Amino acid sequence: MIVLGIESSCDETGVAIYDTDKGLVTHTLYTQMALHAEYGGVVPELASRDHIRKLTPLIQQTLKQANLDQSNLNGIAYTAGPGLIGALLAGASVARSMAFALNIPAVGVHHMEGHLLAPMLEQQQPQFPFICLLVSGGHSMIIRVDGIGRYKLLGDTLDDAAGEAFDKTAKLLGLGYPGGPKVSNLALQGNPDRYKFPRPMIDRPGLDMSFSGLKTYTLNTWNQAKKDNDATEQTKADICRAFEMAVADTLRIKCKRALEQENLNRLVVSGGVSANREIRYQLDKLMQQRKGEAFYPRLEFCTDNGAMIAYAGAQRLLAGQSQDLNFATTPRWSLEELPAV
Ligand code: ATP
Ligand code: MG
Ligand code: FE
């Protein structure tokens with residue numbers, strides 16, 4: 001079965017073709033990052049318009065790259081939520097119209113299920129069951145995964161998502177958008193012993209997380225440095241380092257707790273923040289100590305992409321799940337509501 005995948009939930013237009021016999025065939029991505037950078041964050045209406053402009057050319061380019069024609073497609077998968085309503089509608093209407101014209105099934109995919117299953121696009125696939133740490137721009141969740149569509153939410157963030165905390169910290173320090181890669185790169189030059197940031201919620205039982213306090217801690221530390229006439233690039237780097245270590249440490253402690261609680265030894269880490277070097281280092285160390293395994297998507301599939309949507313949609317289409325023409329998008333959508341495959 002050859003499936004076209006379309007992602008348009010936020011500021012990336014992603015298109016991919018997944019073959020259920022041969023794996024990922026090809027994918028393309030257009031990022032709107034530059035468009036939104038001058039506003040310091042995503043402007044929803046600009047995002048929708050840009051998806052509309054880019055979707056058709058990207059789909060044509062993707063088919064060409066794969067040496068395929070529309071008539072070779074057996075199904076279409078598109079992101080149906082959660083995300084920005086206008087951006088979702090742009091992708092959904094193109095996907096549904098194509099499926100109608102070609103008389104093939106279409107399936108609306110949960111964006112976070114796409115992220116969660118992204119490591120399945122790699123050679124070394126994790127076996128079920130496993131613990132998934134899903135850390136992205138809008139979510140920070142710890143999930144027990146027993147199969148596709150069999151998700152149990154064990155922990156969530158009480159305030160900011162991990163990626164949001166990186167983005168806000170970067171903004172405070174004047175590093176620009178999106179913040180994750182910028183904070184992480186500057187942290188490389190930071191002194192790990194200069195500041196010690198708190199590890200939020202680790203002395204409380206449970207698997208919930210909280211990251212908004214770290215952002216305040218960054219602000220206070222930076223303001224103090226300004227008062228002390230020490231607002232240098234080195235100080236910025238030292239703050240980035242302390243911030244990143246605090247996030248990584250917190251995630252490691254929460255993952256350890258989840259694995260112990262569920263008596264599992266496989267960890268899947270996905271979403272944009274799973275690209276982070278320090279976080280991967282800490283979680284690899286944890287899994288080595290436990291003699292377990294850690295799985296991640298390749299770097300380009302940590303953030304939004306069409307490949308993860310094509311993969312997740314293909315699994316559901318294989319299981320006979322698709323939706324009729326009266327499509328809907330779902331800007332807010334819980335993972336636990338999904339049907340099992
Ligand atoms: P969601 O998937 O929750 O709807 P999103 O699609 O905006 O949100 P993703 O595309 O998965 O999120 O990831 C983007 C986020 O990942 C941003 O917050 C970005 O700062 C963060 N990020 C990207 N690379 C890194 C990195 N190397 N270190 C830390 N954070 C990173
Ligand atoms: Mg993005
Ligand atoms: Fe995402």
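Backbone N, Cα and C atoms are what each Cβ position is placed from, and that goes for glycine too.
According to TrEMBL, the feature Fe cation binding site maps to His111, His115, Asp304. The substrate binding site annotation in TrEMBL covers Leu134, Val135, Ser136, Gly137, Gly138, Asp167, Gly180, Asn276. What TrEMBL records for 25-311 is domain 'Gcp-like'.
Location within the structure of each feature annotated in TrEMBL.
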{"residue": "His111", "record": "Fe cation binding site", "Cβ contacts under 8 Å, 6 or more apart": "Glu7, Ser9, Thr79, Gly81, Pro82, Gly83, Asp304, Ile309"}
{"residue": "His115", "record": "Fe cation binding site", "Cβ contacts under 8 Å, 6 or more apart": "Leu134, Ser136, Ser270, Gly271, Met308"}
{"residue": "Val135", "record": "substrate binding site", "Cβ contacts under 8 Å, 6 or more apart": "Met141, Ala161, Ala162, Gly163, Leu251, Val269, Ser270, Gly271, Gly272, Val273, Ser274, Ile279"}
{"residue": "Gly138", "record": "substrate binding site", "Cβ contacts under 8 Å, 6 or more apart": "Pro82, Ala161, Gly163, Glu164"}
{"residue": "Asp167", "record": "substrate binding site", "Cβ contacts under 8 Å, 6 or more apart": "Gly41, Gly137, Tyr177, Pro178, Gly179, Gly180"}
{"residue": "Asn276", "record": "substrate binding site", "Cβ contacts under 8 Å, 6 or more apart": "Gly180, Ser184, Glu244, Val247, Ala248"}
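Filtering Leu134, Val135, Gly137, Gly138, Asp167 by Cβ distance to ligand 1 (under 6 A) retains the following binding-site residues: Gly137, Gly138, Asp167. Of all the binding-site residues listed here (Gly137, Gly180), the one with the fewest other CB atoms within 10 A of its own CB is Gly137. Under the three-state DSSP scheme, Ser136 (substrate binding site) falls in the coil class.
Closeness to ligand 2 is met by Asp304, these being the binding-site residues among His115, Val135, Gly138, Asp304 whose Cβ falls under 6 Å from the molecule.
Confidence for the domain 'Gcp-like' (25-311), expressed as mean pLDDT, is 97.
With a CB cut-off of under 6 A applied against ligand 3, the binding-site residues Val135, Ser136, Gly138, Asp167, Asn276, Asp304 are reduced to Ser136, Asp304. Other C-beta atoms found within 10 angstroms of the C-beta of Asp304 (Fe cation binding site) number 26, with every protein chain shown included.
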